[in-house]
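Going by TrEMBL, these are the annotated features:
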| type | residues | note |
| --- | --- | --- |
| TRANSMEM | 25-47 | transmembrane segment |
| TRANSMEM | 85-103 | transmembrane segment |
| COILED | 139-166 | coiled coil |
| TRANSMEM | 220-237 | transmembrane segment |
| TRANSMEM | 258-278 | transmembrane segment |
| TRANSMEM | 314-339 | transmembrane segment |
| TRANSMEM | 351-370 | transmembrane segment |
| TRANSMEM | 390-413 | transmembrane segment |
Amino acid sequence: MIQTNTFYSTYSTIDVFGAPVSAPASVWVLFALFSVLLLAATVFVYVKKKNYQVGMPLVQKIRKRFPKLRGTPAASVWVQEAYKLLIVNKGIVLILVFALLIFPKLAQQNVYLSTDELYYKNYMQILSGELTPEKESYLQAEQQNLADAQAEITRIEQLYQENKITEIQRVQYEQPYQSILMKQNAFQRIMQYYNHLTQQGGGSFVYDSGYQILYKGSQITFLALVIFCALCFFNVFSMELKNNTVKLIRTLPKGRSYTIRCKVVLSFVVGISITGIAQGLEFFSINEVYGLNQWNASIASIPMFSVLPGWLPIWGYTAILFGLRLLAIISNTAIVLLISSVNKNSLISMLLSIFLLAAPIILSFMGINLTQYFSLLPLAQAGTSFTDSGKFIICMLYTGAAVSSICFICPFIKKKMMTY
């Protein structure tokens with residue numbers, strides 16, 4: 001629904017009980033109804049729920065039923081902070097929900113390849129690897145085969161124009177040659193690839209369709225990661241400020257500084273872990289459909305990345321892009337922790353985090369592309385930035401901004417929390 005720019009260009013009206021209704025009007029009505037339902041649910045919860053303490057009723061019931069599962073309080077600050085992050089703040093629940101929501105989306109990758117793509121994939125499986133004289137001979141033979149098929153079709157068409165054969169005979173005679181020519185579009189892509197390799201003096205044939213999708217990055221996945229960060233980390237410091245537990249932490253043997261460091265590091269670890277899960281699911285879904293191989297081949301072997309240095313392997317370029325996506329998530333996590341450290345109200349911290357981090361991405365989905373530059377989305381989608389000088393400069397600026405934000409925010413959080 002948020003991709004209204006595409007939606008409105010496809011559907012101008014919607015059939016509602018047999019009557020055509022304007023699509024924008026329908027969306028606004030649905031939005032109003034959703035807002036009313038959300039408001040009603042909020043008021044209902046406020047009236048009915050008297051205890052707002054974050055608890056785990058199910059866990060408590062299990063512990064009462066099985067006393068041996070109670071265990072003993074952990075003496076480690078790391079364990080205590082991990083418990084508060086994953087259990088009290090429902091971090092483990094959010095991770096499971098995130099995985100359940102993102103997996104069906106990634107599983108819906110285009111599993112049905114077009115005819116041209118299938119032929120292109122078959123060609124690449126045959127030619128995979130370094131360019132050799134044998135492969136050049138194969139390409140020449142295939143090119144001659146297609147040229148002969150085209151010549152035969154031209155001859156049959158000429159016979160038909162001269163009324164020497166009937167319509168039925170023309171179709172019958174052309175059918176085997178048409179089957180051969182179905183590979184023509186894919187072969188043209190192969191020849192373009194071959195010309196690219198000969199121009200750069202060698203290289204490897206790499207089936208690049210999957211890599212292009214992998215390097216492009218998914219906006220939906222990044223949006224889900226940003227929302228996850230906001231929901232998982234908004235209460236990390238707010239919960240300590242709200243009930244003045246932060247003053248009690250001062251009495252611990254290792255002090256408040258050590259506890260703050262544990263919170264920040266654990267938040268970064270959880271953010272990195274969930275990013276790894278998302279990227280892993282995306283990788284396996286793309287690999288299942290297209291197949292990602294030739295990892296040791298030069299990234300410059302792919303025509304799209306011909307300007308990159310020849311010594312850089314595909315796995316190295318993939319690692320760089322994955323590192324940039326991790327950097328974007330770590331920076332977003334730091335921003336959420338910053339908001340949490342200066343605000344005692346958990347609800348305001350959550351809403352402000354979602355608004356600052358997710359709203360620009362959502363607006364870009366709606367066709368306002370300029371808003372994406374107010375987020376770290378360009379850094380998460382830096383796959384093609386290294387092939388364009390303008391995009392490369394923007395990518396480097398965002399990289400510097402992300403690193404600077406982390407280096408500034410972490411000491412600021414420590415200084416701020418030490419003042420309470």
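Every residue, even glycine, has its Cβ placed from backbone N, Cα and C.
In TrEMBL, annotation is done automatically, which means it is predicted and not curated.
At the 8 Å Cβ cutoff, the transmembrane segment (314-339) and the transmembrane segment (390-413) share at least 3 close pairs (sequence separation 6 or more) and count as touching.
Within its own chain, the coiled coil (139-166) is flanked in space by residues 127, 173-174, 177-178, 180-181, 183-184, 187, 190-191, 194, which lie at least six positions past its ends and keep a Cβ under 8 Å from the stretch.
Count of Cβ pairs under 8 Å against the transmembrane segment (85-103): among 25-47, 220-237, 351-370, 390-413, the largest is for 220-237. By the count of Cβ pairs under 8 Å, the stretch nearest in packing to the transmembrane segment (351-370) among 25-47, 220-237, 390-413 is 220-237.
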